[in-house]
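Copied from TrEMBL, the annotated features are:
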type	residues	note
ACT_SITE	His289	active site, tele-AMP-histidine intermediate
BINDING	Gln73	ATP binding site
DOMAIN	2-307	domain 'RNA 3'-terminal phosphate cyclase'
DOMAIN	153-254	domain 'RNA 3'-terminal phosphate cyclase insert'
Amino acid sequence: LPLRVRRIRAGRSQPGLRPQHLSGLEMVRDLCEGKLEGGEIGSTEITFTPGKIKGGTHIADTKTAGSVCLLMQVAMPCVLFAASPSELHLKGGTNAEMAPQIDYTVMVFKPIVEKFNFTFNCDIKKRGYYPQGGGEVVVHMSPVKDLSPINLTERGTVTKIYGRAFVAGALPIKLAKDMSAAAVRCIRKEIRDLYINIQTVREPDDQAFGTGSGIIIVAETSTGCLLAGSSLGKRGKSSDKVGIEAAEILLKNLKHGGAVDDSLQDQLIIFMALAKGVSRVKSGPITLHTQTAIHFTEQLTKAKFTVTKSEEEDPSKDTYIIECQGMGMINTNL
């Protein structure tokens, strides 16, 4: 059946498809030998007709700093139900504004999403930053028969805090050390007794294109939950501010009491919908991204979502349970 989407990104400062959206759509078109109409930058309406999902090697290049992580999110639900294994070469920004950083994808998204009972391999060949991009990530993934539901409702207590502060290109390692120190000072005000292990790195020149900096900090809990805060450096923004920003996002995610952080929330929706059985995730306040993801996913699949305020013993916690009766998608190719 053809799928028509209208009013794409209506009301945004730049409505219509951006380069990374178009690259993602073209990759999905190629993955499933489909047809795409209206596929150009700035287009506010597309019609997509899927065919049979085949595996193999595919390249998606945003030609900009468009996020490789967003490309990965688009492709993943398709390649899981392909006929054979896939190798995706994703080119663009690995650490870009308004999208998860590749470090978040590897450190948080990957271990949690693999609880749906699949695995993938993500090889960072080259990092790329705003505005040129130029990064490349290769993802290897084998198809599965079906997805298992997940239950992420027990937060547990924080057992570890670790992270990565990086600089690349023309920037001195001192900036990474300053980001890390500022982040640690900020977290120390709230969490005093845990060792905080933030690596400081200068990306090797042959593994990074352009100049960039940033930090990601992850908290791991006794029940295996992973929550993070991250931030990117940019011209005119002090390293201290970058570190503090990431630390504050992490602390905010720890404060609401959810088992997932605000960035992971919307990324799990499609997998919950495709899985067989009931998935339950405890989160902080529901983001607009998540509301949008639920809205579209319910229209495209037979999955049914309910969101309820969690009955907490602790009234200071603002938590919700996202529950989904999955459609139980079966891979007929296998």
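Numbers here mean position along the shown chain, with the first residue as 1.
The backbone N, Cα and C atoms fix where each Cβ goes, glycine too.
In the domain 'RNA 3'-terminal phosphate cyclase insert' (153-254), helix, strand and coil residues by DSSP number 35 helix, 37 strand, 30 coil.
Averaged across the domain 'RNA 3'-terminal phosphate cyclase insert' (153-254), pLDDT for the predicted model comes to 98. For Gln73 (ATP binding site), other Cβ atoms within 10 Å of its Cβ number 19. His289 (active site, tele-AMP-histidine intermediate): 14 other CB atoms within 10 A of its CB, across all protein chains. When the alpha carbons of the residue listed as 'active site, tele-AMP-histidine intermediate' and Gln73 (ATP binding site) are compared, the span between them is 14 angstrom.
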